[in-house]
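Accompanying notes for the structure given below.
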Amino acid sequence: MATSERFLPWSRATVFKHSPALARLLEHSFQPGSPETALNCPTLTATHAALLECAPCKICQLVYSLASDPACEVAFFEDYACLCFYALYAPLCWTSTFMAAADFLELVSRYFPGAVGEGGLYGPEGIMAVDLQLHFLIKRCFRPVAASELLDVCNLHFLKSEFLKGALTGSVSNLFCFKSIWGSMHAPAVKQQAGGGGCGCCGLSSSLSAAAPADKRRAGGGGGAAETRRPEFAEAVSRAFPQGGGRAQTGVKPELLSVFLDVWGESDLLSEANREMAAAAPARAAGALGRFEFTYPETADRCQGPCMLSQALQLKKSNRTASICVLCECIAGHAEGAEALRLLKRDILTFVENNVKIPDRISFIVRQRDSLVYVRDPLLRGVIRGCSEQEIHKHLFCDPLCALNSASACPDILFGEPGEEELRILKSSLAIGNHLAENIFLDCEVLHTLVIIFKSIQLCKVGKTTFLEIIKELNHQLKNHNLQTLHTFHTATIYC
C-alpha cells in the first residue's frame with residue numbers, strides 16, 4: 001500500500017532508507033578476487049546470462065506481474081513512469097544505475113511490500129546491477145516503439161549486448177564481423193546516415209518538443225565551443241522543471257556525489273586527492289547529510305570496486321584515466337556538476353591565444369588558487385580539482401560517452417524540486433506514455449549503440465578491421481550530431 005509521502009526519484013533520502021538492500025546489491029557488483037573463483041562466481045554467471053539477447057528482462061517481468069494485480073494502484077503507474085522519465089535524462093554512469101536501484105526498490109516496497117521477500121529484491125537469485133542498467137539506461141525498455149521499428153531496435157540492442165558481453169569476458173567472437181552486420185542492417189536511420197544524410201531519428205518531432213527543429217536540437221547537444229540554447233520542454237514538463245533560473249524557484253535536492261565517494265574510497269578509481277577527500281567524509285558528515293556505510297567483501301577484487309553497476313563492468317586504467325569517469329559521476333551526482341564542467345571547458349578553450357596543448361591548459365587552470373570559483377559547493381570543486389589533467393581532458397574533449405552524457409543529461413530534472421501540483425500533473429501525463437519516447441536534447445539509438453560498442457572495444461579484444469570500422473562509423477555519427485571531440489582513434493589508444 002502506498003504511503004502519503006510523494007515519490008520523487010534521485011533523492012538522497014531514498015538511498016539511506018534502503019541502505020541495507022543497496023549494500024547487498026553492491027556486494028554482488030564486484031569482480032571476483034581471484035581467477036580460481038571466477039568460473040563459479042554467481043555475479044559473473046548472472047551478469048553473463050542477462051546479456052544474452054534471448055534472456056528476459058527481469059525488471060519488465062516484475063513490473064508486468066505487479067501491474068497485472070487487480071489491486072495495483074494508479075499511483076504505481078505514475079511513479080514508475082516518473083522513474084523512467086528521470087532515467088531518460090540521466091547520464092549513463094555508475095551513479096545513475098545506483099539511483100535507479102534505490103528508486104525502483106522504493107517503488108516496489110511502497111506499493112507491493114510482499115514482492116520484496118525475505119532475501120531482498122537484489123542479488124544473484126533476483127535482480128542484478130546489469131538488469132537495472134539494461135532496463136533503465138541501455139535498452140530503455142520503457143520507451144514507446146512503433147511496431148514497424150521494433151525489429152530495427154532489436155538489432156541495435158543485439159549489438160549492445162554482444163559487445164557488453166565482450167567487455168565482461170575480454171573478447172568478442174571471432175565469427176563477429178561488424179562491417180557485414182552493420183552494413184546489412186535495414187534500420188532507416190542507419191541507411192539514411194550511411195548514405196550521407198542527416199540523422200533521421202533525431203529529425204523526428206519529439207513528444208516533448210514537437211516544434212523544435214532538428215538542427216536546433218542537435219546543436220543543443222553541444223560539444224563545441226559555441227553555445228546554443230537548448231530546446232524547450234513541453235508545458236507539463238517545463239512547469240515542473242523550469243530550466244535555467246527555475247532552480248531558485250523550485251529548490252534543489254541534496255548532492256549524491258559524497259555517496260559515490262563513500263562507496264569508491266577503498267578502490268583504485270579515485271586519485272590521491274579525491275581519495276583523501278573520501279577519507280575525510282566522516283568529519284564532513286558529522287553535522288551534515290550523513291555517510292553511506294559500506295564494507296567491501298573480503299573475497300572480491302577490492303581494487304576494482306563495485307564496478308558492475310557501471311556500463312564498463314570492470315575498472316581499467318590507462319594514462320591516469322579510468323573506464324569509470326569521475327566527472328560523469330559529477331553530472332549524475334550533483335546539481336552544479338554539468339554547468340561547472342561546461343564553464344571549465346570554456347575557460348580551457350579561452351585561457352591563452354597560443355597553441356598550447358589542452359592538457360597543459362588544464363594544468364595551468366587547475367593550479368590557480370581561484371580556479372572554479374563559480375562552483376559554490378566545495379565538495380564538487382574539490383572533486384573536479386582532484387581529477388588528473390588527463391581525466392579532465394578525456395571527459396571534456398575526447399571520450400564519446402562523456403560527450404553524449406554531457407549533451408543529454410538534464411540536472412534541472414534530476415535535482416529539481418517540483419511543486420506538488422506540477423509534479424502530479426506531470427506524473428499523470430507520464431503514466432499514459434507522454435514524454436518518454438525521446439530525450440529532447442540528444443536522442444539517437446544509432447549513436448547510443450555505437451558509443452556503447454566503442455567503450456566495450458576499449459576493454460576487450462577485437463579484430464583490427466572491426467576496430468577501425470567502428471572508429472570510422474562512430475566518428476561519422478559524432479560529426480552528424482555536432483558532438484565535437486578529438487578523433488576517437490586518438491581516444492581509444494591512450495585513454496580508457
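Heads up, the Cβ atoms here are built off N, Cα and C, so glycines get one too.
Note that this is a predicted model, so its numbers are computed, not measured.
Record note: Swiss-Prot gives C325, C328, C402 as Zn(2+) 2-binding, and the candidate from H334, H395 in that site is H395. In this structure the C-alpha atoms belonging to C141 (Zn(2+) 1 binding site) and C444 (Zn(2+) 3 binding site) are separated by 15 Å. The binding-site residues considered are C57, C328, C444; of these, C57 has the fewest other C-beta atoms within 10 angstroms of its C-beta. Residues C93, V326, L327, I331, E391, K394, D399, L401, N405, S406 surround the recorded Zn(2+) 2 site, their Cβ atoms falling within 8 Å of the Cβ centroid of C325, C328, H395, C402, which are themselves excluded. Within 8 Å of the centroid of the Cβ atoms of C57, C60, H135, C141, where the record puts Zn(2+) 1, the same chain has further Cβ atoms from K58, I59, Q61, V63, D131, L134, K139, F142. Other Cβ atoms within 10 Å of the Cβ of H481 (Zn(2+) 3 binding site), summed over all protein chains shown, number 26. C141 (Zn(2+) 1 binding site) is surrounded by 15 other CB atoms, counting those within 10 A of its CB over all protein chains shown.
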